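See below for the structure under consideration.
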Amino acid sequence: MAIGKLLKDRKTGDSSSDHAHRLLFVMAELIFLVILLAVANISIFVDATILQNSLSERSISQYLQSSIILVSSTIFALGAVKYPNKRGYLALVAALFTCMFIRENDSLFDNIRHGFWVVPVLCVLIVSGWFTARNRDTVTEPFLYHLEGRHSTLVYAGFIIVVVFSRLFGTGSFWEAVMGNNYNSSYKSIIQEGLELLGYVLILHGSCMSFLGRFGDHIAGTQRSRE
């Protein structure tokens, strides 16, 4: 009985320690998100009030967006290298974010020819399509496992905000109707770029947390233990 009690106490202690570690991780996760959001807000404030650049292509906010999506792409690319059993899916997401990075920097490619950004995007799509075809067995299941985790929600919610919501909410005709004679394109730009930056922050946060969580391995492990 004494041995049983000792084992029970040790098990309880291990459980309490595990809960403490999980709580610390969640708190650190939230603090990281708050810091990212604060940096995003500060960059927009500096662009709009100090530099007064209307968040143009050469604004701090634009550079921050490009940096964030590039880092997110790199995180998924590293995941594809580190986890061969998820390689197809992670490489596909890395390619998607790379295309977004190229599109964000379309003005640089316009120095070659207007609309030239399409060329590198097509190259990325062709290479990623070939690579995904070779690793097609590591696409669907890793995607589902990642999607079932909470961190993927941030990644894809951020993606939808950038690609869909910011475009619709930042439409000029919408703000012309709302503001009437007081319409100012600078306000529209600040709102749209602010929403995009929010989306990019969520993508980066979700990407970092997904990498730390091995892109859904904990979900896969739980399901296997139940089986």
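Cβ from N, Cα, C; glycine included.
Please treat TrEMBL annotations as automatic predictions, because they have not gone through curation.
Away from its own ends, the transmembrane segment (21-43) comes close to residues 60-61, 64, 194, 197-198, 200-201, 204-205, 208-209 of its chain (Cβ-Cβ under 8 Å, at least six residues beyond either end). Annotated transmembrane segment per TrEMBL: 21-43 (among others), in sequence order.
For 63-81 (among others), the entry in TrEMBL reads transmembrane segment.
Packing against the transmembrane segment (88-103) from elsewhere in the chain are residues 66, 69-70, 72-74, 76-77, 79-80, 109, 117, 120-121, 124-125, 127-128, 131-132, 134-140, 142-143, 146, 155, 162, 203, 215: each is 6 or more residues past its ends and has a CB under 8 Å from a CB in it. According to TrEMBL, the feature transmembrane segment maps to 88-103 (among others).
Residues or ranges marked as transmembrane segment by TrEMBL: 115-133 (among others).
The transmembrane segment annotation in TrEMBL covers 154-177 (among others). Long-range contacts of the transmembrane segment (154-177) within the same chain, counting only residues at least 6 positions beyond its ends with a Cβ under 8 Å from a Cβ of the stretch, are 72, 93, 100, 147, 183, 185, 187-189, 191-193, 195-196, 198-207, 209-210.
Counting same-chain residues at least six beyond the ends of the transmembrane segment (197-216), those with a Cβ under 8 angstroms from any Cβ of the stretch are 29, 32-33, 36-37, 40, 43-44, 61, 64-65, 68-69, 71-72, 75-76, 78-79, 83, 86, 90, 97, 142, 145-149, 151-163, 165-166. Taken from TrEMBL, the feature transmembrane segment covers 197-216 (among others).
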For the transmembrane segment (63-81), sequence-distant contacts whose Cβ falls under 8 Å of one of its Cβ atoms, 6 or more beyond its ends: 39-40, 43, 87, 90-91, 93-95, 97-98, 100-101, 104-105, 155, 193, 196-197, 200-201, 203-204, 207-208, 210-211, 215
